[in-house]
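Beneath this line is the structure, given in structure tokens, with notes to follow.
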Amino acid sequence: MGHQCASCGLKFRTKDVLIFHEMNHAEQKPFQCDTCKKHFSGSNALKVHQRCHSEEKAFVCSTCGVGFNQRSQLITHEYDHGDAPLPFECEVCKKAFKRKTNLINHMRLHTGERPFACRHCSMSFSSYTTRQFHEMVHTGIRPFKCSYCDRTFTLKRLKLEHECKHTGIKPYKCSHCDKAFTRKQFQVDHESTHTGVKPYRCHLCNCSYSHKTNLRRHLESHELSQQKAMSSNETSSSASTEAMASTNSPATDMGPVSTVDGHPDYQCFQKVV
């Protein structure tokens, strides 16, 4: 595989496949879904995507009954139920992922790279998908409608999780006890109480937490400390400037500025700081 992408380092067997891949970086995606406005670089990719808006679900999970349009989606989903380790691991923090694209996007948290700029505001993002979902805030597009009520969602995952409230289905089962959950996130957080595993690691100081909300609070403490440090630096700079100004002021000269009955009036001294 001698054809390497200059943008992300992935290698391909033929130059044609490389050129097709590079469209993702150049955002040359001429094929647009009429339902959700998502763009694709090829017509076949668009056709596969459009199945997500239909009721056609050819591949069904034997554990929880959730259906998928592609076999690869089913295989990826089955990691949620099995004990097999996730195949793509970050070399920096050891967090593992089901998909290589998720690992690539995750690595940008360590590098600080945010190559995808919003086309409506000044924000930028580490992945194309995150940018796309953010832009729905500007466009108001919510393409995924609940099958049981009028609520709509920007993500299919959010729609499916919401529909569990209507059906009572809890597809994510704890592997250590009888509890089950409507969201994968709830299952992961709960299982950490059994295993003691703390999967949420701070990329700034390597502290680890069992719940994402605890990590979020911890990151806020970093931000608060940074703000305090900046405020302290500004205060020190201001105090230094005032001290220099006071030193150069005539009102700070040592000595009495008037006398009372021939003696110095010490109440009139200006204290030098």
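Along the chain as shown, residues are numbered 1 onward.
Even glycines carry a Cβ here, placed using N, Cα and C.
Record features (TrEMBL):
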- 3-30: domain 'C2H2-type' (DOMAIN)
- 31-58: domain 'C2H2-type' (DOMAIN)
- 59-81: domain 'C2H2-type' (DOMAIN)
- 88-115: domain 'C2H2-type' (DOMAIN)
- 116-143: domain 'C2H2-type' (DOMAIN)
- 144-171: domain 'C2H2-type' (DOMAIN)
- 172-199: domain 'C2H2-type' (DOMAIN)
- 200-227: domain 'C2H2-type' (DOMAIN)
- 219-257: region 'Disordered' (REGION)
- 229-249: compositional bias 'Low complexity' (COMPBIAS)
For the domain 'C2H2-type' (144-171), how many residues does DSSP put in helix, in strand and in coil?
12 helix, 4 strand, 12 coil
Look over the recorded stretches 59-81, 144-171, 200-227 and say which has the most C-beta pairs under 8 A to the domain 'C2H2-type' (88-115).
200-227
Same-chain residue ranges lying at least 6 outside the domain 'C2H2-type' (59-81) that approach it to Cβ under 8 Å:
48, 51-52, 98-99, 160, 169, 171-173, 184, 187
Average model confidence [pLDDT] within the domain 'C2H2-type' (59-81):
73
DSSP says what for the domain 'C2H2-type' (200-227): how many helix, strand, coil residues?
16 helix, 4 strand, 8 coil
